[in-house]
Amino acid sequence: MKVSVNWLRDYVDLQLPVNELAEQISRTSVEIEGQYQPQGKMKKIVIAKVLSVVPHPDSDHLVITQIDAGQAEPIQIVTGAPNVATGQTVILAKHGAVIGNGVKIKKGKLRGEVSNGMLCALQEIGMDDAIVPQPLEDGIWVFDEEDAKALTPGEDALHVLGLDDYILETGITPNRADMLSMNGTAYEVAAMLDQPVKMPTFTLNEAQALTQDTLTVKADARMAATYAARVIQKVRVKNSPLWLQRRLWNMGIKPVNNVIDAVNYTLLTYGEALHAYDLQSLPAAELHVQMASGDETLVTEDGVSRTAHPGDLLVMSGQEPVMFAGIMGTAKTQVTKATQDVVLEAGIFEAKTVRRTARDQNLHTESSQRLERGVDVDQTLVALDYAAALIAELGQGQVLQDAVVAQVQKLDLPVVTLHLSRLQAVLGSEITTQEVAHIFEQLQFDFEQQGDAFVVTIPSRRWDISIEADLVEEIARIYGYDRLPATLPVGATTPGKLNAKQQLIRASRHVLEGLGLNQAMSYVLTTPEKAQNFKIQLDQAGEPIQLAYPMSQDRQQTRSSLLTGLLDDVAYNVARKQNDVALYEQGRVFSVQPGAVQPIEKEHLAGVMTGAWQTRNWSQTAQDVDFYTVKGLVEQLLTNYNFVDAVRFMATNQRLEMHPGQTADIYVGETLIGMVGQIHPITAKAYKVGKVFGFELDLQAIMDLPKVMDQYEAISRYPAISRDLAILVDTAVTAETLRQALVKAGGKYLKQIDIFDVYTGEHVPGGKKSLAYTLTFVNREQTLTDEIVNTAMDRIETVLRDEFAAEIR
Amino acid sequence: MSLADELQKLRENALHEIETATTSVKDLRQAQVGWLGKKGSLTEILRGMKDLTPEERPQIGALANEVRDTLTGAIEDRQKVLEAAELNKQLEQETLDVTLPGRPVQQGQPHVLQQIIDELEDQFIGMGYQVVDGPEVELDKYNFEMMNLPKDHPARDMQDTFYITSEVLMRTQTSPVQARTLEQHDFSQGPLKMISPGRVYRRDTDDATHSHQFHQVEGLVIDRHITMGDLKGILLAVAHELFGADHDIRLRPSYFPFTEPSVEVDISWGPVTKDTKPEDIEWIEVLGAGMVHPNVLKAAGVDPEEFGGFAFGMGPDRFAMLKYGVEDIRNFYLNDVRFLTQFDRKG
């Protein structure tokens with residue numbers, strides 16, 4: 001809420017500079033989101049009187065005026081203002097003035113006539129259209145005659161308009177709705193400064209005639225805990241005096257007329273939701289509150305036609321709705337300059353309903369905001385009387401006797417006990433009984449001391465306080481969080497460490513970073529199409545989660561794979577000419593769990609690579625990523641897990657988003673843990689990327705698989721023997737098939753099989769490929785003889801010839 | 001010429017040749033063979049020994065040995081010189097432009113948010129905290145109700161929520177992990193000290209300062225004698241770890257339904273020394289914290305009369321933005337490699 005420091009001075013004797021006040025409020029009560037003087041850097045803007053107006057000889061829309069700006073000689077000003085007239089008291093920006101938006105005013109000639117400054121509208125001196133009573137097209141600002149009497153030409157107009165005030169913008173947290181009023185803010189400021197506070201006083205003079213003879217009211221207490229009204233007759237509706245307008249616009253509210261302004265002023269003072277109707281425009285001499293059936297239509301004050309939703313609270317007069325209760329009235333029944341008699345209503349409407357209606361209608365008003373968050377139930381009728389007295393005073397009206405009251409919410413002040421020992425234990429501070437007692441006095445909370453305990457009666461203005469912890473907070477913040485010690489918990493020590501799952505996740509990340517992939521964090525929410533992509537388990541349903549009310553088409557379902565997000569990342573990079581991309585991501589994927597409320601969340605690990613793996617440099621030519629680059633990384637990663645069972649890569653053409661000839665499912669033993677391969681060109685195109693390789697692994701499955709715990713084996717004391725073997729086989733024979741055959745035929749001493757060459761092309765017959773192996777034999781028990789190795793090689797060659805029609809080269 | 005003269009002459013000639021005429025180890029080897037070899041000049045001369053008198057023989061023999069020793073020594077010396085020269089020549093030939101860049105190796109970097117999360121995890125693990133996970137698709141019950149945010153609570157508006165059904169939602173905060181952990185914890189086994197980093201979601205339009213997806217690190221400590229001073233001490237330690245030991249913090253009143261008292265924690269943008277004037281400190285809001293609300297403890301079946309403690313929620317995204325001056329939160333989730341690779345400081 002905007003808080004005028006000048007207004008605050010009515011309540012509290014503020015001796016400290018405004019920035020210190022702001023700092024105090026920040027530290028003890030609510031955040032100060034902004035702090036400014038409306039006048040900004042404006043200057044040399046004065047009150048002036050129009051002495052004469054004559055037409056401009058060379059213009060049909062300009063006039064030449066002589067202006068009294070408190071100087072010996074009148075000043076000539078040429079203006080295009082349509083409303084300028086002799087005798088007006090106006091605002092003059094003199095030669096050398098700075099007006100709104102930092103514009104400098106200099107004397108000059110307008111179509112040949114000297115002009116020594118500029119007559120201003122309020123919009124031209126930095127005031128927002130939303131708070132200025134008249135539109136800019138209407139011309140310059142002219143002070144009301146009544147107000148003008150107190151003004152002297154030449155005096156500082158910025159001061160007269162209140163623009164030299166300081167405004168503090170308080171960020172009110174939901175619990176501190178009491179500070180949505182000047183009264184509440186004043187209590188708070190007085191408490192923190194340890195000063196007395198002066199609350200507004202007023203005298204209400206009532207006429208003989210009774211209100212109830214003019215108006216009746218009715219409301220169900222469940223809809224409106226308090227509901228009451230007054231009638232003020234024979235009101236002269238006109239502009240409010242300057243002092244009132246000034247306060248309103250500094251608080252961000254546009255002055256309208258003296259009745260509506262009085263209502264708003266009271267709202268700002270008390271934080272209570274009031275409303276004024278034009279009595280003659282009401283369909284009947286009664287008001288009642290009822291629940292909308294949903295077919296009511298109201299044209300509200302903002303000119304918008306709105307249909308009520310079933311359950312909205314409406315104020316009705318006769319058969320017609322005249323207000324969304326506590327939010328906004330109808331245009332037809334609002335107070336205008338033609339109004340004679342005013343109905344003033346005060347109500348505490350049910351907060352939940354007001355909140356829902358305001359949201360549904362997108363109609364958030366000063367009063368709905370306060371009703372939603374709560375109001376001081378003790379002050380509702382006081383505010384009603386205050387506003388009635390103010391309207392009567394400003395509009396010379398008569399307040400009829402005794403408000404009509406449907407009911408008043410019972411005042412039930414909670415009594416909360418605070419134990420000093422508890423306070424000290426929670427704060428970790430040695431705060432004393434005297435200090436606590438003094439803080440309660442500052443807060444103006446009534447209390448009794450009973451030994452260690454403070455029995456506190458909570459005032460109605462602090463409906464946020466109901467338990468001991470709330471009082472702990474009250475004491476702590478006024479005492480000052482700065483004064484609390486900074487300690488560390490004492491008590492039993494606890495071991496802190498990552499669990500096995502967290503360790504595995506961290507280790508996996510480190511391995512992939514060491515292998516050259518950068519960690520990405522992508523969006524979890526994606527399109528329904530992408531949400532289906534790259535599931536590891538093809539046979540399981542595992543549908544993604546759909547948001548009930550997504551914000552955009554692009555973000556409406558949860559991902560089933562990390563690859564979707566990573567491909568979006570690649571697309572983002574490629575679109576920015578970053579063509580060499582190697583990323584990995586660790587995160588969760590989601591799928592509906594049949595029969596369960598919550599989905600399955602699985603930890604995954606995935607990577608993408610595109611472009612050059614080795615970039616061109618002085619010593620190497622560029623080398624593009626290919627299937628084997630990615631597979632090599634995955635193999636290294638999987639090696640680090642030390643599975644008990646062997647890792648297998650099985651060619652698959654079943655994955656629609658993957659290249660049918662460059663994709664492998666990855667198994668450990670019989671468990672499918674993921675896949676690696678090239679993204680299918682069609683999928684790649686849909687993601688707006690080129691040739692991309694990727695992998696996706698189910699980390700949960702990896703975690704669950706048995707691992708080799710005892711990794712060490714003594715290095716053999718006997719030397720190994722290596723033999724090279726070159727063969728020619730059909731291209732269809734896979735390396736994995738050959739490997740299995742070699743292992744089987746090689747005997748127990750064959751320890752390692754390395755492929756050092758794969759070749760097709762010249763010198764190799766069509767349909768054939770040449771493979772070259774290094775086979776390494778080791779006997780850990782004794783020196784291996786050539787004989788034994790030769791025998792093994794013979795077996796291998798026989799098997800290769802017999803089973804694969806291999807030619808040994 | 002007498003044999004002795006011949007030997008003297010040989011010595012002279014040989015020394016001269018060794019010192020001046022040999023330019024490589026190979027030359028030297030040849031010279032050595034020529035002078036001292038089986039068919040070399042010295043052997044040749046010594047053949048004349050047989051013609052000497054028995055008196056002369058030992059003298060000449062001694063002289064011959066002396067010549068041999070001299071020459072052998074000279075050859076060894078010369079060899080060292082020549083070897084050194086040859087090595088120098090080789091080294092010179094092998095000289096590279098060491099200012100050419102080395103052959104590139106691949107190394108990836110952890111994401112900057114991950115670095116912040118890891119740093120926090122490590123720090124809290126050091127202080128005896130557990131790291132706890134929780135579901136990202138959460139029940140309304142844990143995300144809101146058990147956190148003292150019943151349906152229709154106005155503070156729910158502070159966190160616009162992606163609902164999936166009326167009871168299931170994308171968690172808006174990591175706080176539900178508090179409720180889940182509190183429900184599980186066995187206080188007879190000691191205090192509860194945990195942090196929970198993770199992703200959270202809000203129904204926000206993405207712009208420079210808002211993201212529908214971001215991260216939080218929740219913290220919770222519950223025991224019999226935990227104070228707000230302890231909270232302050234922990235947060236000061238975190239601030240020092242992340243931003244440097246010369247930074248200060250301040251606590252301001254705030255509101256969270258699940259803590260009472262609740263505070264907003266600011267950290268000083270610059271260093272604070274004992275000479276810094278309070279009005280010169282620029283404070284940056286970094287996290288929310290407070291003493292756990294009794295209703296939260298009760299909802300999880302913990303007796304608020306016996307147990308209490310503090311909770312805090314930190315924003316790694318905000319930390320990273322502050323620490324590195326990252327101006328747009330979307331950078332964290334778009335994964336431009338030019339962004340990701342910048343955060344490469346290790347140790």
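Using N, Cα and C of the backbone, Cβ positions are placed for all residues, glycine too.
Quick look at what TrEMBL annotates:
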BINDING   A:D464, A:D470, A:E473, A:E474  Mg(2+) binding site
DOMAIN    A:39-158  domain 'TRNA-binding'
DOMAIN    A:411-486  domain 'B5'
DOMAIN    A:716-809  domain 'FDX-ACB'
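Distribution of TrEMBL features across the structure.
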| residue | record | contacts (Cβ under 8 Å, 6+ apart) |
| --- | --- | --- |
| A:D464 | Mg(2+) binding site | A:N175, A:R176, A:A177, A:D178, A:G374, A:D470 |
| A:E473 | Mg(2+) binding site | none |
| A:E474 | Mg(2+) binding site | A:I439, A:L443, A:F445, A:I465 |
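A:D470 (Mg(2+) binding site) counts 20 other C-beta atoms within 10 Å of its own C-beta, drawing on all protein chains shown. Counted with DSSP, the domain 'FDX-ACB' (A:716-809) comes out as 31 helix, 32 strand, 31 coil. Each residue of the domain 'B5' (A:411-486) gets a DSSP state, and the totals for helix, strand and coil are 34 helix, 15 strand, 27 coil. Applying DSSP to the domain 'TRNA-binding' (A:39-158) sorts its residues as follows: 19 helix, 46 strand, 55 coil.
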